[in-house]
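Read through the structure below, which is laid out as structure tokens, and then see the notes.
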């Protein structure tokens, strides 16, 4: 029964991550047209519309537009770039606080609170009538994500305490994140086209509400005694200065920079350099979903067979990302550009799937087995890349050029890959005197220890 419950909790967390990333991306085909309508543009983007409208002035819209509108220097483009970045910026600021709170109160209550805030954010998007309300809704989503994402990943690490089950569970969560990001633009575009601007958000709000109710049924916050004697987690500032955790956090940030910086710039480059059509720009990232899922699957299987090589899988992923980034400017048509983008997403899957379980293991053997703060650090690493991308990438392309941007990102990944050698001996570390040590060696002495021991036996 405990095993069945943790599977259902994994499903709840995966739905939460899926919703967060769908809400993150569902506004891509909507927002340029949305802002034009607010300004009296008649609900369609004009000839100077950024990526996301087809620029024809008619009612037809590309259902798979570029992930971010390009930064062309107009006031509208700046507003859209800031709107996209606001979520990651607020999430970056709140994560240190959310990680500390999760360590103190457990995982279920912050996850439920995050889902509640995401529900409120989605409803606000549905009924927004001006830019300020859209900005507030986007920022509110960052607040909800700081709790829901961090608490959800930490809950998975806590319930799936042993390998290879932990790697499989975290791999499933990563696949849901990827699917949500790629499914959201066509989902939002189709519903916006045929049912109106509010329907995509109302559908997501209903799913978010159902997910929260399911969490209440499975693990009501404060409904069990498992947290009554929960050990005190290591403060987040101490985790940040742990050299092993710092190396992992740096790898997570570095490997996501190419994706975060290409999303707002590649659409303009494709149109200028190869005369790409709207449907080609829209479909640019869709094929990358499949190598991402393949990368997750391959890494999980390799980690189960050779767990001592997690560092190598991460280093290999960064090398693939670096080589793929350098190849992007050399592409001359739509078919060619898909190949390096698939390589980037495959490499990111290798890095994320190998290093996220490594963070939990480092906490187990070097600190206390409470995971809120360490996964808040991981979330901070992602947010650094995605907060800078929509604002900084366009300026770098304008001043230095698209090729130089890609070569710089590729070189950064290739140079960072050898740093992961520092993690080579992590698997040989012995556990410290932590909650895991108490459970496995000394036997249960308190209420929390007893319940955790029974869960593991179950």
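Here the Cβ of each residue, glycine as well, is placed from N, Cα and C on the backbone.
Marked as domain 'Major facilitator superfamily (MFS) profile' by TrEMBL: 9-458.
What TrEMBL lists as transmembrane segment is 7-31 (among others). Residues 52, 61-69, 80, 83, 87, 111, 114-115, 118, 121-122, 125, 134, 138, 141, 144-145, 148-149, 152-153, 155-156, 159-160, 169, 172-173, 176-177, 179-185, 187-189, 192, 197, 200-201, 204, 207-208, 211, 214-215, 218-219 of the same chain sit 6 or more residues outside the transmembrane segment (7-31) yet have a Cβ under 8 Å from a Cβ within it.
Under the heading transmembrane segment, TrEMBL lists 109-128 (among others).
Within its own chain, the transmembrane segment (140-157) is flanked in space by residues 9-10, 12-13, 16-17, 20, 23-24, 86-91, 94-95, 97-99, 101-102, 107-108, 110-111, 113-118, 120-122, 124, 166, 169-170, 173, 356-357, 359-360, 371-372, 374-376, 378-379, which lie at least six positions past its ends and keep a Cβ under 8 Å from the stretch. Residues annotated as transmembrane segment in TrEMBL: 140-157 (among others).
If you look up TrEMBL, you'll see 169-187 (among others) marked as transmembrane segment. Listed as Cβ neighbours of the transmembrane segment (169-187) (distance under 8 Å, sequence separation of 6 or more from its ends, same chain) are residues 10, 13-15, 17-26, 28-29, 63-65, 67, 152-153, 156-157, 159-160, 200, 282, 285-286, 288-289, 292-293, 296-297, 299-300, 345, 349, 352-353, 356-357.
Among the features that TrEMBL reports, transmembrane segment is placed at 199-218 (among others). Outside the transmembrane segment (199-218), and at least 6 residues removed from its termini, the chain residues within Cβ reach (under 8 Å) are 5, 8-9, 12, 15-16, 19, 22-23, 26, 30, 108, 111-112, 115-116, 118-119, 122-123, 125-126, 187-188, 191-192.
Feature annotation from TrEMBL assigns transmembrane segment to 239-262 (among others).
The annotation transmembrane segment is assigned in TrEMBL to 282-304 (among others). Tertiary neighbourhood of the transmembrane segment (282-304): same-chain residues 62-67, 163-164, 167-168, 171, 174-175, 178-179, 182, 185, 263, 266-267, 270, 310, 313, 317, 334, 337-338, 341-350, 352-354, 357, selected by CB-CB distance under 8 Å and a gap of 6+ residues from either end.
TrEMBL lists 311-331 (among others) with the feature transmembrane segment.
Long-range contacts of the transmembrane segment (337-362) within its own chain (CB-CB distance under 8 A, at least 6 residues past either end) are made by residues 153, 157, 163, 166-167, 170-171, 174, 178, 242, 244-245, 248, 251-252, 255-256, 258-259, 262, 266, 270, 274, 284-285, 287-296, 298-300, 303, 310-311, 313-314, 316-321, 323-325, 327-328, 331, 371, 374-375, 377-378, 413, 423, 426-427. Feature annotation from TrEMBL assigns transmembrane segment to 337-362 (among others).
If you look at the transmembrane segment (374-397), the same-chain residues 6 or more away from its ends with a CB under 8 A from one of its CBs are 68, 70-71, 81-82, 84-85, 88-89, 91-92, 95-96, 98-100, 102, 145-146, 149-150, 153-154, 157, 236, 239-240, 245, 248-250, 252-253, 256-257, 259-265, 268-269, 356, 359-360, 362-363, 367, 404-405. Taken from TrEMBL, the feature transmembrane segment covers 374-397 (among others).
Annotated transmembrane segment per TrEMBL: 403-423 (among others), in sequence order. Outside the transmembrane segment (403-423), and at least 6 residues removed from its termini, the chain residues within Cβ reach (under 8 Å) are 243-244, 247-248, 250-251, 254-255, 257-258, 261-262, 265, 310-312, 314-316, 318-319, 321-326, 328-329, 347, 358, 393, 396-397.
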Long-range environment of the transmembrane segment (311-331) - Cβ separation under 8 angstroms, sequence gap at least 6: 251, 254-255, 258, 262, 266, 274, 295, 299, 302-303, 337, 339-344, 346-351, 353-355, 358, 402-403, 406-407, 409-414, 416-418, 420-424, 426
Sequence-remote partners of the transmembrane segment (239-262) [C-beta within less than 8 Å, at least six residues beyond its ends]: 314, 317-318, 321, 324-325, 328, 341, 344-345, 347-348, 351-352, 355, 358-359, 362-363, 366-367, 373-374, 377-378, 380-382, 384-386, 388-389, 392-393, 396, 405-406, 409-410, 412-413, 416, 419-420, 422-423, 426
Mean of the pLDDT scores, which run from 0 to 100, over the domain 'Major facilitator superfamily (MFS) profile' (9-458): 80
